[in-house]
Amino acid sequence: MTIIVDYRFPPAINAEKQAKTIAIGQTAGTWSERHSHRQKQLQQHLAEVVGIREEADGYKVARVRFPQINVENDIASLLTMIFGKYSMAGAGKVVGVYLPESYGTKAKLGITGIRQRLGVYDRPLVMAIFKPALGLSAQDHADILREVAFAGLDVIKDDEIMADLPVAPTHERLDCCRRVLEEVRQQTGRNVLYAVNVTGKADELQRKARLLVKHGANALLLNVLTYGFSVLEALASDPAIDVPIFAHPAFAGAMCAGSDTGLAYSVVLGTMMAHAGADAVLYPAAYGSLPFDPQEEGKIRDILRDRNVFPVPSAGIRPGIVPQVLGDYGRNVILNAGTGIMDHPSGPASGVRAFFEALARIEAGESFDPANLPEGALKQAILEWG
């Protein structure tokens, strides 16, 4: 079996030469007469340039086919092979990686499993982020959770910046919030997921994740790119961690934002996350608060859903843009809002209600023009943010 990788080069770069350099340098490392007696042995490890196409802007995309026998069925050895030291060679960007279906680690729960845990099958999920990100006590987290959970929220997560800090230690947050989740379940029959941020040193992370689950965590959050894909793979393949893992994109810009260097967002937040075991992946929405290419967003969405992974467009999601989100995503999406819920003029519970009002109006085919909206949470949100 093989792995296909697309590299994009600017007009000033000799794409043919660079593609051949990658095919040899990122596999056998050398291919000269001095090693002719080993050619048969080395041949099976060599990559092959299978095509080069020129785009309208003069850029060229070279396609290279790598033997799968060169890697260990994980993301770390894959990234080392396809881009490794070549990532320091100058202009050239990985814009597509095509892996066998069986490659890597599959989501343990994904879209279908998360919906089953929540008992919600016929609509997008609504998710919030604890805000302010830092400075809240464990009890503050529980008080906020109570407000939004009883308003109908499906999922809430720690802010990715919230580590295991003295102001609100992770197990204290979980303990306080777990009691609220049980209240909600007993009084409403609904389950709400709380994705607890897993942080720490490499030798502690899996133990800490297992302990969180043992103590009642029903979802986990992981900053995959700062802790490493290997951590995600380890958590996702651990039978003791039977809860969904929400993958955060923090640090992705350092790998992906360069126009002619690094890897495309769709490769890192789409392909790699989907083959490393994430159940849901957060990433910027093109219509949100961070600049993001709509084409890349669409690729990420499709790559994730092809592997049963929940897409979670984020950063600047607010009730007034729900029609745009659903137009692009349909119902299999998680609407993730931080300030779009927590900073609602009438409070976080109204922020949650505004999203559900938006979903109801879309279902009924009704206008979002403020002049046609009844007084309530949605109208307030649209007047506040558009």
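Cβ coordinates come from backbone N, Cα and C, glycine included.
Model, not experiment: these values are computed from the prediction.
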Candidate from Lys131, Lys299 that Swiss-Prot assigns to the same substrate site as Lys157, Asp158, Asp159, Glu160, His248, Gly316, Gly338, Thr339: Lys131
Lys85 (active site, proton acceptor) and Lys131 (substrate binding site), Cα-Cα, nearest whole angstrom: 40
Lys85 (active site, proton acceptor) and Thr339 (substrate binding site), distance between Cα atoms, whole Å: 40
Span of the substrate site, taken as the largest CA to CA distance across Lys131, Lys157, Asp158, Asp159, Glu160, His248, Gly316, Gly338, Thr339 (Å, rounded to a whole number): 17
